[in-house]
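These features come from TrEMBL:
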type	residues	note
ACT_SITE	H191	active site, proton donor/acceptor
ACT_SITE	C205	active site, nucleophile
DOMAIN	106-238	domain 'L,D-TPase catalytic'
SIGNAL	1-19	signal peptide
Amino acid sequence: MKRLIILIIISLLPVISKAAKDESEPTYYGTGLCKYPQYQCIKIKGGESWKKLFPDETQRDLVQRLNRTYNPLYEGQVIAIPQNLNSVNLFDLSPFPLKIPPSSDNQIIVDQEKLAWAAYDEQGHLIKWGPISSGSDKCSDNSSNTCRTLTGIFRVFSKEGEHCVSNAFPAGKGGASMPYCMFFHKGFALHGSEDIPGYRASHGCVRMFIEDAKWLNHDFVKAASKKNNFAGTVVTIRPLYSADMFNKGLDKTIVSPAARHKKHRD
């Protein structure tokens, strides 16, 4: 009987392994789209660049958003391209619904599994979306055990312009560029970055394309002020599906005075 149980377990290992692999593979962006007929995937050759492959700026931007990166291409890299690139727009490629239930204010949703953010107006209409790179599992400077982004429902309490910098990263000296930063809890912020690699790589903040952060900062996000009873724009950071234990107890609205103490992350 014991031998039979062992044989059954062994026979199931490939199935379990395949399931784990399938679950870990992103299906909303990049190479995760290669299995769908609506997309073609190409391997980058030496000397190729975003601009050479996609001379049209609008099409280039769409492909970069689809692959969650605008970092320089490298030889051997695989990227996904819509088969109908000439006829699709930003909303056709959205990983978010175009309409959600109305709310009392506009809001930003950050989905770490989709590596994307979305901006919705009060009527629940999707206004814009773009790629993100949130906190990595381990800190690149070994300053902490983990650099995962705090999850929950927050409100932006302050924002700064293009010259915003971190005073915590790199460890011991700070100085990392955080253009158009929008703080939602202590030193955690949404901000622009030139490094959006297509995976979670930040020191805890939510990195975005610089132009996206600029648009949000200037045209969408309201910081806390007397005019809005110190209720800035709502920011929802969704947890990682594989990190329920890590995020347990953090998925709640945090608007206490302590949330306004800033020690800039990245």
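Just so it is clear, glycine is given a Cβ too, placed from its N, Cα and C backbone atoms.
All TrEMBL annotations are machine predictions without curation.
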For the domain 'L,D-TPase catalytic' (106-238), mean pLDDT (0 to 100): 92
In three-state DSSP terms, the structure that H191 (active site, proton donor/acceptor) belongs to: strand
For the domain 'L,D-TPase catalytic' (106-238), the number of residues DSSP places in helix, strand and coil: 14 helix, 46 strand, 73 coil
Protein Cβ atoms within 10 Å of the residue listed as 'active site, nucleophile', excluding its own: 30
